[in-house]
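Single-structure report; data block below.
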Amino acid sequence: MSKKRLYEIAKELGKESKEVVARAKELGLDVKSHSSSVEEAVAAKIAASFKPAAAPKVEAKPAAPKVSAEKKAEKSEPAKPAVAKEEAKPAEPVAPKTEKVAVKPQSRNFKAEREARAKEQAERRKQNKGNNRDQQQNGNRQKNDGRNGGKQGQSNRDNRRFNDQAKKQQGQQKRRNERRQQEDKRSNQAAPRIDFKARAAALKAEQNAEYARSSEERFKQYQAAKEALAQANKRKEPEEIFEEAAKLAEQAQQVQAVVEVVPEKKEPAVDTRRKKQARPDKNRDDYDHEEDGPRKQQKNRSSQNQVRNQKNSNWNNNKKNKKGNNKNNRNQTPKPVTERKFHELPTEFEYTDGMTVAEIAKRIKREPAEIVKKLFMMGVMATQNQSLDGETIELLMVDYGIEAKQKVEVDNADIERFFVEDGYLNEDELVERPPVVTIMGHVDHGKTTLLDTLRNSRVATGEAGGITQHIGAYQIVENGKKITFLDTPGHAAFTSMRARGASVTDITILVVAADDGVMPQTIEAINHSKAANVPIIVAINKIDKPGANPERVIGELAEHGVMSTAWGGDSEFVEISAKFNQNIEELLETVLLVAEIQELKADPTVRAIGTVIEARLDKGKGAVATLLVQQGTLNVQDPIVVGNTFGRVRAMTNDLGRRVKVAGPSTPVSITGLNEAPMAGDHFAVYEDEKSARAAGEERAKRALMKQRQATQRVSLENLFDTLKAGELKSVNVIIKADVQGSVEALSASLQKIDVEGVKVTIVHSAVGAINESDVTLAEASNAFIVGFNVRPTPQARQQAEADDVEIRLHSIIYKVIEEMEEAMKGMLDSEFEEKVIGEAVIRETFKVSKVGTIGGFMVINGKVARDSKVRVIRDGVVIYDGELASLKHYKDDVKEVTNGREGGLMIDGYNDIKMDDVIEAYVMEEIKR
């Protein structure tokens, strides 16, 4: 027998698959979904079960809504369970009890009320117990019924579910019908649609008709006004016409008589003509009060700007001014012709090279065409935008009778002009200034100890290795007079710093140790002082030592041109002991005496100028510069240009670290507020305002950059081979960080002077301040190591250096840096080796072994033959082969060497053509120290 699926049965019956599946389950069939298949007999049984259930569909008639929902429920549920009836019973006694509670007695008896409430609650509990008992009994009965007739209970539930679905479908159908009826009513009541195209066409036709009507009316009005005006002119008598002509002639004569005085404006004659009416259908603009005349019809009525432009254009004005249209201008007075003003020529003309003709014309108040004409007569072809040289401008001014002077342009960025200009200082304001004294001498001759004694402090004990690392500027008072001291380093690396100190000083104190005598840096200090034309006071120090010999020192100095006044020279000699404060007062008196002879003067009223003694980069303050004021007075908040930098003086401290607001001539101060750290030895100057200072500083920085670029060497035929050779050199990349700018300069110069053949030093970067992360990053990128002089790396930089394997060398003594750098440079050189013969042997017998090679039996005749040595095979005085030993044996034992007079066997690596009487020469390569 064939089978059918449930969805096929549903399709035949016109039912949903869900209903068919539910009916099959009601009939007790084991089906799961609409895809389940059943026998044809079962399918016929399912189809037959739907035939009596077709009656509920009739309820969708119009009479159905009249039946109430309660009756429908009664019909659809013919047999309600007994539990429902018993549930309705407890509701009957509730109503009378609520009525009793609602009626309140006049005097409340709370006790009676509590008793009544207690009785009510007891009755409710009894009723609930009875109901619960009945429900349990009914539930037990239902369970028994379910056990006895499970199929019947299942069919009742399915019937109820089916009835609910039928009711739901009827409600949905009813709502759909009502919705359709409402839509039909709305469609019947809606107004007819408007035909917008027809409406727009009708409106446009009405507008065109109205416009045509108004245009005709305006044209008729214009014609009527024109005819009325013509008739009025005809009516005038000839006498009136002659009177008007006479008035016009008088007015013309008055206008010609007036040349400089402008005539008063007369009111124009009243126009008796009928005024033209404006268009009634167009609003007039507020700013346009002219009247419209007759116009042709325009297609584009909405373009009001087009009409306005036509009315205000030159074309309309020209049209009005044509012949025959001048009737309106008859009574208007002509404007007087203004004469051109005459400008007198200047007596002097200050010019610069490259001025154009237009600029000259503007300055002398003449037309450029006039000047071009004069130049043409002089034989110079020029236009108004062409530049002229100074000679042509002078010839042109001679032609005009003007005295020409060339303008001298002042370079605002030139600071050095303040030091050489004669008119910068006021001779009447000059006052005596303190002397600037520089202490010079060789290393460890006692310069800083002397200065320490003068200042009563212990600066010298803090100096590393007994070397002063940078210039210090201090000021002391002796007998009520100030003396400024500059301390210079004595090491050879600080030559530039000593030269800088000599350039700003007035007196040089040359410190020479009585036990050491004249040293190389002593001679250098003498040369610097002589070059600067500075008087020298010789302080022979350490006279307290047993080996002191001042006379020898005086003789050695005389050999170098420093003669004592006792010997007929001009240098003062003072024997002192800086350590024990011996003869210090005599030295200071000598300084004041020499300063008095020099008559040192300064003008404190001008803007301050001076020199940078030292500069550094402070972590908290930024750029800090030590300045020596040479002329003028430096104040806080002064705009200043220092070298190639600029700024404003924010704070100023003296040599004791105290803040000051004013610094006079010969006063050393430290300032902050610069945008960068300047170079030591740069000049500084105070400007009028910050704007000019900024412009000068930026211009100086720009010039310095251009100069640096121009100084870059270019490859030429002369240095081409040197450049190629330099490419073969090895370089040591170094980053230098120091505490002050002078130390940076000294280190850079010293490292670049180190002469190691084949290796050169490359300064990748040098700056003032602590070693930071950017320095470590640069060192890693350029394969360099960092040299820190009197500075320390930050914690972050130290961690980064350890992570990136960057070497940081910290030093406080400059000659140790130089020695360490020399060793590093020598270590970078390729090792050089020299050949050394260690022994000779003669082959006495040869043995050929298969799969091994030729073994040579030998005897050492000189020196020794080592296993790790190289050998040469010499036959008849000619080297046949040069190689290494493969094995070396003494009898059957492997040995490291065979000494003189002994026998052994050897095999040469890669060579088997050994013959008797061959000489084996053993040698090694030894490294040569450089």
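Glycine is no exception: its Cβ is also placed from the backbone N, Cα and C atoms.
Which of 33-40, 385-392, 441-448 counts as region 'G1' depends on Swiss-Prot, and there it is 441-448. Between the listed ranges 1-4, 25-28, 541-544, 545-548, Swiss-Prot ties the annotation region 'G4' to 541-544. Listed ranges 461-465, 466-470, 631-635; the one Swiss-Prot annotates as region 'G2' is 466-470. Under a cutoff of 8 A between CB atoms, and with a sequence separation of 6+ in the same chain, the neighbours of ILE543 (GTP binding site) are ALA514, PRO550, GLU575, ILE576, SER577, GLN582. Around the Cβ of LYS447 (GTP binding site), a 10 Å sphere holds 28 further Cβ atoms from the protein chains shown. The binding-site residues GLY441, ASP444 differ in how many other CB atoms lie within 10 Å of their CB, and the one with the most is GLY441.
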